[in-house]
Amino acid sequence: MGCWRGPSPVLACLLLLHPLPSPACPTACRCSSGEADCREHALREVPQSLLTNTSTLWLGYNFIVVLGPRSFPPLPGLLLLSLPHNHLGLIHSQALVGLGALRELDLSNNHLTVLTPEIFLPLTSLAVLNLGSNRLAELDPGVLRALPQLQALHLQDNPWVCSCGILPLWRWLRHNREKVREKSLLLCRAPEQLNKYPIMAFGNESFRQCQETSLSAQQYITFLIIGPFSFMASIFFCTFVGSSIVIYHNLRREPHFWRRSRICRGR
């Protein structure tokens, strides 16, 4: 009865019967309670109309090849991002900007070959990273040091090349054993004589030759600069010393010459 006393109560009743529409979920996804399930829809990019309150985003089993700059809409509360079984081969250094709250990232079963620390710098809260079943032959440990909250790392089933180039990663793994999952599945793929050899089974002696002979790029540059400089400096030094010796001997011979001249004149 009270709903019909005036325009304001009528409007209130209509609003109760027809609440304001909420933001739409992407057509390729199913959304509920902060979760967006966008799996198996042949997506080639991240949907841009995701709800800002999304906390879990499933994007597995699609055809996403590249994550370009700012691939994700503003998702300040996103905690879990799952991207397995795509064709992901490249992640731009600005692709994950705005996902600072992210706690878990699954990039497994993709085509990743190279990762840089800049990619993960925005993920200051990331605790779980899955890079298993990619095409990683090496991994710059700077990528892992960019994740201060990292607690669990998955690296299994990658074609690791166990040469001197893997030494920095091996050092990081040795000092962070508690963070590495499926340690027994970190196997060398190359060289052939080390195929399927566990990386964690290496010891210091395995890399002795690398430690003795390997030089950093900075060291090579230093040698290239110092080498020619030292060569030219040695030439100038030798020239200076030689000239000084000649002048010294000439000065010593000159008084003797004048004495002989005076004796000859006296006669």
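Even glycines carry a Cβ here, placed using N, Cα and C.
Some features that TrEMBL has for this protein:
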type	residues	note
DOMAIN	158-211	domain 'LRRCT'
SIGNAL	1-24	signal peptide
TRANSMEM	220-251	transmembrane segment
On the 0 to 100 scale, where does the mean pLDDT of the domain 'LRRCT' (158-211) fall?
93
DSSP on the domain 'LRRCT' (158-211): how many residues come out helix, how many strand, how many coil?
32 helix, 9 strand, 13 coil
